[in-house]
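Peer 1: For reference, TrEMBL lists these features for the protein:
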TRANSMEM  12-36  transmembrane segment
TRANSMEM  80-102  transmembrane segment
TRANSMEM  109-130  transmembrane segment
TRANSMEM  211-234  transmembrane segment
TRANSMEM  263-281  transmembrane segment
TRANSMEM  301-321  transmembrane segment
TRANSMEM  328-347  transmembrane segment
TRANSMEM  353-374  transmembrane segment
TRANSMEM  395-418  transmembrane segment
TRANSMEM  438-462  transmembrane segment
């Protein structure tokens, strides 16, 4: 146990490695949809294709990378660390090109599709091995839980940085909007439209494009810095994950064993729906603040309030799950968002109320961030007790959990953007039709609330409570 102890420095270096995925993911999650619609000026149908295909491809790459990792031989740097090191420079380049508007009349959809999918592949080559690294930094469950808490704090801080960097840099650029003819006098609507296009659009839109590229450059630099700190400060321990009776098992046999493990299926099914709720909220919140609530110049600050609240409450949830158990933390933490999601659409548009709701939602977001990654190692330990002759499947557990959530989020984001198209979304409009505002209310309130309730209902089936977790810990110590 003494040898398995991790220093605070090691935990911090490990935790820093979680920031790149969350920083880039948060920037893409909150801003890519509004960027494609109002800056790149794609129609909602093409934007929905990019969002769906990109997320679906991202989902497919997770098990692919998990497979190749399971076939990777150990080197002096470890089995997982080389993936993290070599994918980083290419991921940063492709990320920057996502936020670049190419000067081509046709082929923009293909441009964004290629670089979005390429970035998702490369960031997966970073994040899947990084997630599996949890099982290779210590053999002690308490040390892994502690390192996971450090990691979640830094990851949520990464989402704050992603929101702050992207939001504050882009927010300073005044993106021009075009007044709809419905809101202009019928006699001079065409003249007014022409005035907007000729006088306000070119300079302002160029400034907005430049702001997005500057933000991408800053986030890319942060990505590289975090990868360097992780690779220098963390040592991958082969013996931390292996039991005395371990024998190699093929990937596909391992996959079959993993997918037949009841605790794992019940865990990912429950979190699939709760994660979907927050992803749907994330993808549509910028549009909701801009058009439905009318806070065009405040939405980046509202997003920042959510992420700051989440960061500050991660230690609270770590304390809560230690004292009351992880299942109790799931019910209390994730369900706490429901009244506030209802409140934000029921009450009249009010900036103070919106900030209160944002802070309250952030508390629930923190629980949704921490708990899945804190509970997956418990499932892996349970699997090892039932299959002591299998080893090397940690990447399968982590990659398929991410696969299911990403694929489902791709479907939901694609459908949500398509529903905006059907509702009559006006690209770069200063205001939107009432049908669009109603659709946005459904996408950030009614649908997420329904998904959260369904996820919590399914989570009742999850079998690993505190008593079982402690028994598994003792049994694993005996095996080692």
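Just so it is clear, glycine is given a Cβ too, placed from its N, Cα and C backbone atoms.
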Peer 1: Counting only CB pairs under 8 A, let me know which of 109-130, 301-321, 328-347 has the most with the transmembrane segment (395-418).
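Peer 2: Looking only at 109-130, 301-321, 328-347, the most contacts with the transmembrane segment (395-418) come from 109-130.
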Peer 1: Could you tell me whether the transmembrane segment (211-234) and the transmembrane segment (80-102) are in contact, taking contact to mean 3+ Cβ pairs under 8 Å with a sequence separation of 6 or more?
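Peer 2: In this chain the transmembrane segment (80-102) contacts the transmembrane segment (211-234) - 3 or more Cβ pairs sit under 8 Å.
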Peer 1: At least three Cβ pairs under 8 Å linking the transmembrane segment (301-321) and the transmembrane segment (263-281), pairs spaced 6 or more in sequence?
Peer 2: no
Peer 1: Which bits of the chain, at least 6 residues beyond where the transmembrane segment (12-36) starts or stops, bring a Cβ under 8 A of a Cβ in it?
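Peer 2: Counting only partners 6 or more residues beyond its ends, the transmembrane segment (12-36) has Cβ contacts under 8 Å with 6, 42, 46-47, 50-51, 84, 88, 91, 95, 98-99, 112, 116, 119, 123, 126-127, 130, 133, 137, 147, 150-159, 161-163, 165-167, 170, 212, 215-216, 219, 222-223, 226-227, 229-230, 232-234, 279, 282-287, 290, 303, 307, 413, 417.
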